[in-house]
Amino acid sequence: MGKRRSRGRSQLLSTMTKKQKKHLRDFGEEHPFYDRVSKKEVKPQICQLSESSDSSHSESESESEQEHVSGYHRLLATLKNISEEEEEEEEEEEEEEEDKEEVDDSAVGDSEMNGEDGGEDVRVEETAESSETQDHMSLADNSKGKDGEEPPGVSQKSSEEFTDVKHESLFSLETNFLEEESGGSYSQRTSQDPFQHHINKELQEKEIQAAASSPAATQQLKWPVLGHLVFSSKFQKMETFKPPKDIDLKSLHLQKPLESTWAKTNSQFLSGPGPQKSSSCFTPLQKELFLIMNSYRDLFYPERTALKNGEEVRHVYCLHAINHVLKANAQVLANNSRRRTQKLGVGDDDDFRDQGLTRPKVLIVVPFREAALRVVQLFISLLEGDSKKKIIVSNKKRFQGEYGSDPEERPPNLKRPEDYEAVFVGNIDDHFRIGVAILQRSIRLYAPFYSSDILIASPLGLRTIIGGEGEKKRDFDFLSSIELLIIDQADIYLMQNWEHVLHLMNHMNLLPLDSHGVNFSRVRMWSLNNWSKYYRQTLLFGALQDAQINSVFNKHCVNAQGQVAVRNVPMTGSISHVLVQLPHVFQRMEAQDLASVIDARFHFFINKILPQYRDAVMSHTLIYVPSYFDFVRLRNYFKKEELNFTHICEYTQRSGVSRARHFFLQGEKQFLLLTERFHFYKRYTIKGIRNLIFYELPTYAHFYSEVCNMLRATSRGEEATWTCTVLYSKYDAQRLAAVVGVERAAQMLQSPKSVHLFITGEK
């Protein structure tokens, strides 16, 4: 009966127009104009609720096939597919707005337009404003709310998290032994293997104390592909190296079966013509990255972009991660076999110290489920290769269902920049965490964290399990023995919630609060001494140089093997991609220190910049604000001063966004406040811009040219009056160099003049 009812609802929906569906969804009933008047009198039906869902289900099957579809059922039918319909309508409305000069009045609503007062914001926006601030404030404190859950992706986290409990003994390191086929190869590699050299390195207490107080020794090198590298270390004499012209797989000490499977897994990057093809099974970029990874130094690579080399980088760090896990587990299993065959004497246990305080040894932090899916697929491919015998992957179907996506879900008419399409591909839910256990040629997905070798999670997924001070349910012991931390696409976390990343780093490699059944006779001494952070390798990948990302790398990465950072400087800048003829006025503000920059920028803006735009002649002014907290401060100030403005942020409802864009285009609102996070997640083209103010330089340099090029969307002969003003300080050196180039940025920061003019688009 339930199937018949759903068919009836779907048939009913198929006969309704889009306007009827919208009215039904908004008001819970159809418009009276479309009422179907039945000539027969319908008797009222009295329904009694059953005590259990089972009895109600059995009774419903005995009912007749014909039933009266009430307005309530029609509403439920629309709500069932509301997300899909809203997405389709949203994209269609966007396309219409991109093609037309004005927004369709029916999308805005005549009654809402007539009731809009010139000096006040839209009522719907006002009701959402109180929750906006509360939601965003709660992100940093409680990690709850809308962080990262932008309109493109809604969290799919269920109340009950699934974990695999069936295969515990099969993947246990305590009860399994090394297979004969891989046992011999392991012992042959121990002497020169960089893995063994790293974990067997013994630090002294004096070295730890000296490293805490002494500055790091640095040395700069230039590599053919990576470019300018900075080697640094606090623990040992500076050792640098240059990549050889070609490398042999055997010299890399890859664990079986990676020597044979890597070539096939990486073949997609080697099949093309030109210099990418190499006999070493690595691309030139992968070769240099893996040489640094395999030396167990920390690495910061800020040129990983989803559009250009994202998959290339993902392949090489997955190879390093699974190589590390296979070696670590092979050592444990080999020692299990040795302990079983020989009798232990007094003090012999020190020869078998091969574990940490907890089993998880690799943590991979990625922003979306799609990235986690690709990482697991790479692990399967690296273990399987050309082998005719398929490896065992438990819960694979469930994993693909929860982390995969339906290609038909994305509207075909969606037009966005290529970099947007590359980032927001597949399942973009940002709340997830999954444990992966690997034992020789078998993979266990959804393994309990304390039975896992590799943890794959988003910052939000980790934040909700780590918890905060005072919370009853919190757990971070699984982070105590992480030996390899991979943070991929770090720039996206700036658009989600960077506080989650800082919270994670503050809980890395702490002593566990519980033993979790560990055999202390097998735990390495440096782990017992709470020195795990000095043995942890951190690989940090992002698309840009940013002060917050640099701070994490400099503060939290203290690997005894040293650090390597790629420090290439942009020579041209994104301002060269501005196509419109536009004067760019860069105004430098002064601040005593980094802590006072926020207040200095605000007072400089309201005292020096804003008075120039209060005149009605300077209408159609867009103010681009990268920080949400600056946005809230400006919004409150504009309200206090009763300025004629509207605003769009990442929490504004879709209807509010449409109205704000319409009012700004028509000139009914003089100012439009726009957050960078909204632009990152939506990439709307804001029409009607004549004056542009960058309250702060954008995080992504290419956003500068994108926003500037929006001025040509509604060109009506006002090109001569267009203006662009940019605020910057000496603390914005990296962002300034990314926009104007490193040479111009140096001149602008050192010049006694505080105002600099650039003109683009000249013929």
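Just so you know, glycine gets a Cβ as well, placed from its N, Cα and C.
Per Swiss-Prot, the feature compositional bias 'Basic and acidic residues' maps to 25-43, 54-70. Marked as compositional bias 'Acidic residues' by Swiss-Prot: 84-119. Among the features that Swiss-Prot reports, phosphoserine is placed at Ser10, Ser52, Ser60, Ser64. What Swiss-Prot lists as region 'Disordered' is 1-164. What Swiss-Prot lists as region 'Promotes p53/TP53 degradation' is 1-190, 580-642. Residues or ranges marked as region 'Represses p53/TP53 degradation' by Swiss-Prot: 643-704.
Helix, strand and coil counts from DSSP across the region 'Promotes p53/TP53 degradation' (580-642) read 36 helix, 12 strand, 15 coil.
Residue counts for the region 'Represses p53/TP53 degradation' (643-704) under DSSP (helix as H, G, I; strand as E, B; rest coil) come to 24 helix, 13 strand, 25 coil.
Per-residue pLDDT, averaged over the region 'Promotes p53/TP53 degradation' (1-190), rounds to 50.
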